[in-house]
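Participant: Swiss-Prot lists these features:
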BINDING   Asn47, Lys48, Gln49, Asp50  GTP binding site
DOMAIN    1-125  domain 'tr-type G'
Amino acid sequence: KNMITGATQMDGAILVVSAADGPMPQTREHILLAGQVGVPNIVVFMNKQDQVDDEELLELVELEIRELLSSYDFPGDDIPVTAGSALKAVEQLLSDPNTARGSDEWVDKIHALMDDGDKYIPTPSVKVDKPFLMAVEDVFSITGRGTVATGRIERGLVKVGETVQLVGIADTRETTVTGVEMFQKTLDSGMAGDNVGVLLRGVQKEDIERGMVLAKSGSITPHTEFESEVYVLNK
């Protein structure tokens, strides 16, 4: 459930596979689910390279990963694959936080992975010209301030002081945005693609729950009948 929730919001993903063990059953599931929910781009990191002495074994694991990706309609032959060791990189950075690029083999491999992500996963185009919409993922209260709904803004903009509608499950109601926060920073607004907390006026915690949405007033209506496509993972 949690993997699917996160994957539906992704513009790209890093698939981490142990170079020592190769693809595991959950690797196959993650690739399958990534394809089902529409993750557009994947890059691969073969971790624990420090545990593999045989270069041919490393090549075999890479080949297995590429074949697995291709079997689920990802371009396995074209996807960037980087081998390295996250542990070795972390150990080096803990010993010297100022390690420069080019001065340590393991840290450089993480830089190479980030380069792959920058090149292969394009910067998404954000839908700021459409009406505001955010699915509520979690709700909590801040003493003295009110109720905060958190989630990823799917489209549009939301600004402090705007009136929005709370739609779904319960009756549709209007509320005013009194604050927008992202990563513990207070903002004047949030835009499509941002993961934010939206502070709402006059809404109690019990009035809002996961599954509801915040939207620009009058832009959407709830429905009790709809057509859907369901994929059941059975193996």
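Cβ atoms are placed via backbone N, Cα and C, with glycine included.
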Participant: Taking DSSP as the reference, which of helix, strand or coil describes Asn47 (GTP binding site)?
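Facilitator: Once the DSSP labels are grouped into three classes, Asn47 (GTP binding site) ends up as strand.
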Participant: Per DSSP, what is the residue count of the domain 'tr-type G' (1-125) in each of helix, strand and coil?
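Facilitator: When I sort the residues of the domain 'tr-type G' (1-125) into the three classes, I find 65 helix, 15 strand, 45 coil.
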Participant: Name the residues of the same chain, 6+ apart in sequence, whose Cβ is under 8 Å from the Cβ of Gln49 (GTP binding site)?
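Facilitator: For Gln49 (GTP binding site), the qualifying residues are Ala19, Leu58, Ala83, Gly84, Ser85, Lys109.
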Participant: What mean pLDDT score does the domain 'tr-type G' (1-125) have in the model?
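Facilitator: Taking every residue of the domain 'tr-type G' (1-125) together, the mean pLDDT is 89.
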